[in-house]
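Colleague: Copying in the features that TrEMBL gives for the protein in this structure:
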type	residues	note
DOMAIN	B:58-367	domain 'AB hydrolase-1'
ACT_SITE	B:Ser163	active site, nucleophile
BINDING	B:Arg233, B:Asp363	substrate binding site
ACT_SITE	B:Asp329	active site
ACT_SITE	B:His362	active site
Amino acid sequence: MAHDDPIATQRVDLVLMAEMVERGARVLDVGCGDGTLLSLLAERRGVDGRGIELSREGVNQCVARGLSVVQGDADTDLFAYPDDAFDYVILSQTIQATRRPRVVLEHMLRIGRRAIVSFPNFGHWRVRADLALSGRMPVTDNLPESWYDTPNIHFCTIRDFVALCNELNARTERALALNSSGQPVRFNMPWWVWNLFGEQAVFLLRRG
Amino acid sequence: MLVSADIAPVPASQVDEPDSLVARFGADRPLVLDSGATLAPWQIAYQSYGTLNADRSNAILICHALTGDQHVASRNPITGKPGWWENIVGPGLPIDTDRFFVLCSNVIGSCMGTTGPASLNAATGEPWGLSFPLVTIRDMVRAQAMLLDHLGIAQLFAVVGGSMGGMQVLQWAASYPDRVFAAMPIATGPIHSAQNIAFHEVGRQAIMADPDWRGGHYLQAGVRPAKGLAVARMGAHITYLSEAALHRKFGRRLQDRDAPTFSFDADFQVESYLRYQGESFVERFDANSYLYITRAMDYFDLAADHGGVLANAFRGIKTRFCVASFSSDWLFPTPNSRAIVHALNAAAASVSFVEIESDKGHDAFLLDEPVFFATMRGFLDSAARARGL
């Protein structure tokens, strides 16, 4: 069961995010799903974790695991949290599905001393090639839904995200891009390489 | 005729000498009420299930709703029906009596053995009637806290309750945060809404409009406002259901007939059902208690007690919460629960929240809802692990 041995079977981005979190920290996972990352963080990093999740099934799985998770929405429920309530606020593969990504990110940087964001990179060469060659919205293994079915309404590229961080005056403490086999792209590569070969990205941010 | 007026009153034995445990407090231990009045002597009736462990850390207090009682998992002495939460409280059930010591007490102002308007006023030798002081949700909780002191239980493992019981859970957390390890307010809200106050007022006016209410002195006169109380219950009962549930249960089906009778007889099954609900209710409940307890709910506004900011009720609280609502509940709709959750978030409290999908309305919290049961079990199990139980 993934619950019993999370590291071994985990999504690479979750493991990388978990490694960015200091031991014993207070963490809010926005869009926490079935609580896999929160469980991982509790077991491996000893964190005091909380979660927000849209789906009832996810919330129930989390509560049954003993996690503190509320049914809610990143777009509407972050306002209630006070400033600096958490050491880290995590948004894993969710920012592209929010209605107002900029506002969500602002709240994350307000609520948490640090924010960790992972997202699919719409600038990946396969996405670009799909759009350029077929003239249709890309459908890939990583982004399997057609445009009319997808919950992802605000796709961005790594460079777009960096631009948003600059606009919000957020400082990037660490950034990782993962290629299609889940391996980190070498960090000494320039941004355009990341933006082309990174299938997903993970950013550790703090207020500037 | 809707209800015969000479129906048997709530057996006096349940009012003063109930078929359950009772803690009696003398003049030396008065109950000090929010209204400024003090009540002494007074008593609180309760039931217990399971065994209190050696370090007295496994007690769960269940708070009952408006017309509930302490018989949460035992046969009701008046109706002979099973306890009102026997699907939740018992061996191996979500509130597991093999693991936990479960307490449920009758609220102050009620009529099942805890002091209320039907009780005898020791000073006069007459039933209190309307001379009984107004009580609040906080008074109910204060009475429960005195019961726990009496039983030597310093901290509850959990407080659980739905509807008005959920208000008590919230009040417990606000009044005695250090005495509550885990709290589960269900199908409830931080205030009683204008709409809910309005429904209560209709019920109260129905009771007071019954000539047999006699200005509240019906017990002395040997009568009861059974018609008024039945109508109050009928109206309230509608608010506990949902349109979908009424449609599913009754639709427009006729009661034991093939065609309408062109009369005001109960042609429709839903009418017959409501009349039955009204009639059976008056057998087990005191009309003045209904006035007092509905009023206590109306007065509930936890934010107002804390400078108008609900989060202030929970500042610094260590209690872990699990809030649950039901999607078709229009008496305490989900936004009420969200308001609680947002306040707990603002207070940086530990909180879980889930809205359970159900078409059964407010009553869903009393019915078989497997997802709800799983949520409660998961929450209590994990809290028990954290408490070392």
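Backbone N, Cα and C define each Cβ position, glycine as well.
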Colleague: Would you pick out, from the recorded positions B:Asp329, B:Asp363, the residue whose Cβ has the largest number of other Cβ atoms within 10 Å?
Modeller: B:Asp329
Colleague: My understanding is the cutoff is Cβ-Cβ under 8 Å with a sequence separation of 6 or more in the same chain; which residues meet that for B:Ser163 (active site, nucleophile)?
Modeller: B:Ala65, B:Leu66, B:Ile186, B:Ala187, B:Thr188, B:Leu331, B:Phe332, B:His362, B:Phe365
Colleague: Look at each of the recorded positions, B:Arg233, B:His362, and point out the one with the fewest other Cβ atoms around it within 10 Å.
Modeller: B:Arg233
Colleague: Reduce the DSSP letter at B:Ser163 (active site, nucleophile) to three states and note it down.
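Modeller: B:Ser163 (active site, nucleophile) sits in coil per DSSP, no helix or strand.
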Colleague: What's the CA to CA span in angstrom from B:Asp329 (active site) over to B:Arg233 (substrate binding site)?
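Modeller: On Cα coordinates alone, these residues lie 18 Å apart.
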Colleague: For the domain 'AB hydrolase-1' (B:58-367), what's the model's average pLDDT?
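Modeller: PLDDT averaged over the stretch: 97.
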